[in-house]
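A quick write-up on the structure given underneath.
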Amino acid sequence: MEFSFDINQLFPERVSILDQTIVSGPKSALRPDLQAHIATVIDELGRASAKAQQLPAAITSASKLQTQRHQLYLLKDGESNRGRGVVVGFLKVGYKKLFLLDRQGEHVEAEPLCVLDFYIAENMQRHGYGLELFDFMLQHKNLEPVLMAYDRPSPKFLSFLAKHYCLTPSVPQANNFVVYEGFFRNRSGSPSSPLTDQGMYGFFGTSGRAGSSLAVCSSSLPPAVGILPVLPVPQRGILPQQNAPTSRSSFLPWEQQGPEPTVPSNRALQNKTHQPTGSSCQIQPVQPAHGQQSCWTAGQTIARSETSGGSATRTGIHRHTQVGQ
């Protein structure tokens, strides 16, 4: 979405976060003309979103944002429009007090973070901007999508959530909000998965090498169980074999520490290192931050698979998204 004024002057960052102050930076806070331009951008985005949803009136505007405790994430492309920048879309979220029903029909009072409006400009759709913007919000809020509520999402938005975050099926509600089973499991106090640690998993950052593996083991194993590393074939002779000559390699750690330690028989080693079938240790692939898809389940994150061709085709989504998947 292009404007006659310089978008980069209004929004210095690729993603700007606006609240009741409608200020995107120190410069706009001191200049009323820049604040007026920011209000114009918000109003135009709200009207475009309402038109795409076929709503009689916009649900997002500068005046509404000033009177509500909501946050608006605005995504720009600073290189387009001859370097003046264009607005790609926005995502509006806010906390709502809701009365929900769980799977057993029990009433649950909660105040979750809700997705209230989500829109990507028509000419910018199917380029991954919607997923980029949604992921930025999740990182900023340090939140999993399963713990959020969604205000009247369109079928395409529901498909977006199922595709990228494995959110399906939803728990039927009497109101217009959609929540998922993991929302209630988390509230009941079930432990979260260690895969939700962002720094370890590298979902939002560049930590983690592509193709590497991350072993996540539960604490159910007894501390006395020994785990020997699996060595490559050329190195499998470091441990002395039974009835083998007593010779040392110069790089053994016990080289200068007196007599060679006694090594149990092969059967004893096998018994010590034996793991029962169905071990709780699972290997999860770590994927790079870019060009990947993600699946979020109740309390855990599963790595996104690489998209073909090295570029991700994403869907621009809003609350009643009119964008193709």
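Quick reminder: no glycine exception, Cβ is built from N, Cα and C everywhere.
Taken from TrEMBL, the feature domain 'N-acetyltransferase' covers 1-184. Among the features that TrEMBL reports, site 'Crucial for catalytic activity' is placed at Q53. Look at TrEMBL and you will find 118-131, 154-163 tagged as acetyl-CoA binding site. The region 'Disordered' annotation in TrEMBL covers 239-286, 303-325. Annotation source TrEMBL lists compositional bias 'Polar residues' at 240-250, 263-286, 303-314. Residues or ranges marked as compositional bias 'Basic residues' by TrEMBL: 316-325.
Here the Cα atom of Q53 (site 'Crucial for catalytic activity') is found 13 Å from that of A121 (acetyl-CoA binding site).
Here the binding-site residues are G130, P155; the one with the fewest Cβ atoms within 10 Å of its Cβ is P155. DSSP assigns L158 (acetyl-CoA binding site) to a helix in the three-state reduction.
Under DSSP, A121 (acetyl-CoA binding site) is assigned to coil, being neither helix nor strand in the three-state scheme. The average pLDDT computed over the domain 'N-acetyltransferase' (1-184) stands at 93.
For the recorded site, H127 (acetyl-CoA binding site), the DSSP three-state label reads coil.
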